[in-house]
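Features reported for this protein in Swiss-Prot:
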{"type": "TRANSMEM", "residues": "89-109", "note": "transmembrane segment"}
{"type": "TRANSMEM", "residues": "125-145", "note": "transmembrane segment"}
{"type": "TRANSMEM", "residues": "147-167", "note": "transmembrane segment"}
{"type": "TRANSMEM", "residues": "185-205", "note": "transmembrane segment"}
{"type": "TRANSMEM", "residues": "258-278", "note": "transmembrane segment"}
{"type": "TRANSMEM", "residues": "286-306", "note": "transmembrane segment"}
{"type": "TRANSMEM", "residues": "327-347", "note": "transmembrane segment"}
{"type": "TRANSMEM", "residues": "396-416", "note": "transmembrane segment"}
{"type": "TRANSMEM", "residues": "425-445", "note": "transmembrane segment"}
{"type": "TRANSMEM", "residues": "543-563", "note": "transmembrane segment"}
{"type": "TRANSMEM", "residues": "602-622", "note": "transmembrane segment"}
{"type": "TRANSMEM", "residues": "717-737", "note": "transmembrane segment"}
């Protein structure tokens, strides 16, 4: 086993040859490299599969031995400072490695078909392989310096993939927004790393924890400075995991290809922030107030993400806000000290959310043949509906992921979310009420997405659809090269329109949409022309990863179920995490009071079913047919209560549709303030600083010109004036010193 650990350093570097060879091939032999492009995709999957097998083997060894391994190379700079590089294999590393590789393999297989007609196919696979390398390097890092290096590489890859179709201004702006927002968190992370090095003199995790605990125990640190450094470290995780208030980049990141949305939201970028807090939890837990801050940020994000998902028309943006809310649950669990519950939910949510994103990609892929290659159309749930008849496999798997995220047993997220909800009662009743209420909201908005997508009739074939009249329709060509056809503000809303939160109000589509009675897709590269009037199911290359992730969603929750009756121990996750739990000095209690569990489970499932019922009543097609009946209309007659109810509903809709006005606040005050400061600085530089410099030059020029005209341009006059000035100076000098 020791020999196996010695070769674990190679894990991050196994996928690295693919992006290097693709880059070299495209530079030296572009035609030949493109002609064998599927070979490069196969190599990406093969190398990541090798990493997956290696990671699974290491995990089995850890479960059996309950140990961790660290190896460090020291780079001695001088006697006072040495920079160490190494790798750390512990339960957190092995869990993240398996998560990254399994989800990454499924996404790569899926992408082979999804990106088949894109000119950037090879570039996409190069970015994806480098993304996997960066994330594997992050989770195997043994010190804060390595963490920061791979942290930046993970960010770089995510920016490249978010802005993959960079010729579209909306994608380029989304990439820029993600970059700028994460710069704030990354700068805080760097300052926090340097601050803790100044306190402890070490970057290595084990040394850092030991030295810092001794300093705290002996009361030898400034708690205000330590708390500030901890907050700065946490700021990096807040930005990366899209926690309030640095969450604004996440919905715009949906401008990238759908497969990368699945990878970012399941196992890479947003998981990096949760990983960092989990890795540094032994540090945070001994600092007053920092754990409470983590839990507060988590519970705010839980509620905010759920409310922002309520009115989304874009299927990917709805799932993005769902990710934000679920990451808030994980952050809440870490803030409460529930290390096991947080990682359990990280695992179950990763597979469920990857399933949902790949399922949405399959739906978008089928809708593109009907409405065209425009994200504003193909991702708009107002143009969907009735897809259960056309994409039955995608419908079943999407329903599976939806039920899992709602917390319906026996699916994966039920087991992990229930643990967090139960722990929240012990931590804070207020937090518990918010967390449980948000569980109902989660069931509501997830089933809203499902019903708008799969139930009813296909709205794309009707001249009207339930969307916004002024929605900007951005065109994306087959190769991802077309730009924006029409510029429009993302958050523009016509308040004169009678829009209700739960209503299925119809709005006229533009002229091009009305003429699309028999839409078809023609691809010049194909040997034949394909004409489609209805969406069609994706092929097996895309369905296979969805099917596998569906199996994970069904069964992965079993690893954390403590079925240890009569002394048996079948809780795999607790045994797996035993070394990390011991490091946190927590008691690993694998036993479960099944009566207490069933009572809490009944409550959580009842709340979830209530949310599903409300969504079904408001969005299921039966409501559209019943609401015209006189009996139903008698309940919705205009009156003071009805008007008040409409105002409340419209207020909630505006809050959700306008992203809680946070983006508008940042745009007006932060962006506007910075631009105002820049304009003032520009004015001060041009008018004051340059004015002083130019003024000296102008004055010198005027004086010189005046002297020139006084002298008349004759050398004899200049000599006369010079001698006169010298004589006057000597006379004054003589008179002054002769009187002393």
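Just so you know, the numbers here start at 1 and follow the chain as drawn.
Just so it is clear, glycine is given a Cβ too, placed from its N, Cα and C backbone atoms.
Counted over residue pairs 6 or more apart, the CB atoms of the transmembrane segment (258-278) and the transmembrane segment (543-563) come under 8 Å in fewer than three pairs, which marks the two as apart.
Beyond the transmembrane segment (543-563), the same-chain residues lying 6 or more positions past its ends with a Cβ under 8 Å from any Cβ of the stretch are 102-103, 106-107, 109-110, 340, 344, 347-348, 351-352, 354-355, 358-359, 362, 393-394, 396-397, 400-401, 404, 410-416, 419, 537, 570-574, 576, 590-592.
Through the fold, the transmembrane segment (89-109) approaches residues 5, 8, 11, 41, 44-45, 48-49, 51-52, 55-56, 58-59, 62, 68-70, 125, 128, 131-132, 135-136, 139-140, 259-260, 262-263, 266-268, 271, 275, 278-279, 343, 346-347, 350-351, 354, 358, 541, 544-545, 548-549, 552, 576-580 of its own chain, all at least 6 residues removed from its boundaries and within a Cβ separation under 8 Å. Only pairs six or more apart in sequence are counted, and the transmembrane segment (327-347) with the transmembrane segment (396-416) gives three or more Cβ pairs under 8 Å, enough to call it a contact. Long-range contacts of the transmembrane segment (396-416) within its own chain (CB-CB distance under 8 A, at least 6 residues past either end) are made by residues 322, 326, 341, 344-345, 347-349, 351-353, 355-356, 359-360, 363, 439, 442-443, 446-447, 449-450, 453-454, 546-547, 549-550, 552-557, 560-561, 601, 604-605, 608-609, 611-612.
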